[in-house]
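Feature annotation from Swiss-Prot assigns shikimate binding site to SER19, PHE20, SER21, THR66, ASN91, ASP106, TYR224; the stated evidence is sequence analysis. According to Swiss-Prot, the feature active site, proton acceptor maps to LYS70, an assignment based on sequence analysis. Annotated NADP(+) binding site per Swiss-Prot: GLU82, GLY130, SER131, GLY132, GLY133, ALA134, LEU222, GLY245, in sequence order.
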Amino acid sequence: MIDSKTKLIGLIGHPVEHSFSPIMHNAAIKDLGINYTYLAFDVSEENLKYIVSGAKALQIAGFNVTIPHKINIMKYLDEIDEDAKSIGAVNTVKIENGKTIGYNTDGIGVKRALEEKSGILINKNILIIGSGGASRAVSFELAKENNLTIVNRNIEKAKILSEELSTKLKKENSIKYGALNIDIKNFDIIINTTPVGMYPDTDVNPVIPLNDIKKSAVVMDLIYNPLEPVFLKEAMKYGVETINGLGMLVYQGAVSFQIWTGKKPDVYVMKKAINSKIR
C-alpha cells in the first residue's frame with residue numbers, strides 16, 4: 001500500500017510503455033514486503049537534464065536508464081562506478097544522501113543468465129555480434145575471464161571496440177574482431193547484442209551463418225520481444241541450447257534492485273511475473 005513513506009524507484013527512457021521492468025520489480029517489492037513502488041517514465045532527450053535534479057528534489061531512491069539515454073545520462077551524474085566508466089554507459093542510478101551514482105548491470109545480467117544454463121563462464125570462446133551500447137556492457141563483463149571475438153557489419157567499429165576493451169582490461173591477445181562471415185565452429189557461446197529481429201521487424205535475421213555451429217554451443221539473443229527471435233529459431237534447427245533476452249532482463253534488474261534497496265530479490269518471482277503477463 002502506497003503511503004507518505006513509500007520510496008519511489010523507476011525507469012526512464014523513450015519509449016517505455018512496453019517495458020516489463022515495472023511488472024518484475026513490483027512483484028519483487030511485494031514478495032519482500034518492503035515499502036517501495038516502481039514506475040516507468042517516458043523521458044525525451046530534451047528533458048533528460050531535468051531528471052537528475054528532479055529526482056534529487058523528490059528524494060527518489062533510484063532509477064533504471066534505458067534507450068536512448070544510457071550514455072547521455074552520465075554527464076548529469078555526481079559519480080560513476082568504475083565498470084560503468086569503462087563501459088561508457090549507465091543503466092542504473094542510485095540516489096543516496098543527495099548524490100547520484102551511476103552503475104551498469106547489463107553485463108552481469110547476461111553473465112548470470114548464461115551461467116544459469118551453461119555453468120561458470122571461464123576460458124570460453126565467445127562470439128559477440130554487434131558493437132553498440134549493449135555489446136559494450138556484455139563484452140566488458142565477459143572478456144574478464146573469457147576469450148572474445150566481436151563482429152559487426154562495420155568491421156571498423158568492431159576493431160575499435162576490441163582494441164578499447166583490450167587496453168582497459170589489459171588483455172591484448174584474448175579480445176579479437178572480425179567480419180560477419182566468420183568461421184563459427186570453434187565458439188562455445190554466440191550472442192546477438194543487436195536489435196536485429198526485434199519487434200516490429202521480427203523477420204530480419206543477423207547475417208551470421210550457423211551451419212558450422214558445434215552441437216555443444218549456446219546461442220543467446222538479447223531480444224525478448226519476440227521471445228523466440230528469428231536468430232534463435234535458426235539456431236534451434238541445429239539442436240543447440242538457446243537463450244532469449246528475458247533472463248538478462250531479470251538478472252540485470254535484480255542487481256539494480258539490490259543496489260537501490262539493499263535487498264536481494266527472488267529472480268524466480270520476477271520471472272514468473274513477466275511470464276504471466278506474456279501469456
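Any Cβ shown, glycine's included, is placed from N, Cα and C.
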Let me know the DSSP-derived helix, strand or coil state of LEU222 (NADP(+) binding site), please.
coil
C-alpha of GLY130 (NADP(+) binding site) to C-alpha of SER19 (shikimate binding site): distance in Å?
23
Restricting to the record's shikimate-binding residues (SER19, PHE20, SER21, THR66, ASN91, ASP106, TYR224), give me the longest CA-CA distance in Å as a whole number.
18
Say we define neighbours as other CB atoms within 10 Å of the CB. Which of the binding-site residues ASN91, SER131 has the fewest?
SER131
Using a 10 Å cut-off on Cβ-Cβ distances across all protein chains shown, tell me which of the binding-site residues (SER19, SER21, THR66) has the largest neighbour count.
SER21
SER19 (shikimate binding site) versus LEU222 (NADP(+) binding site) - Cα distance in angstrom:
14
Compute all pairwise C-alpha distances among GLU82, GLY130, SER131, GLY132, GLY133, ALA134, LEU222, GLY245, the residues listed as binding NADP(+), and give the largest one in whole angstrom.
25
In the chain carrying ALA134 (NADP(+) binding site), residues 6 or more apart in sequence that have Cβ under 8 angstroms from it:
ASP106, THR193, THR194, LEU222
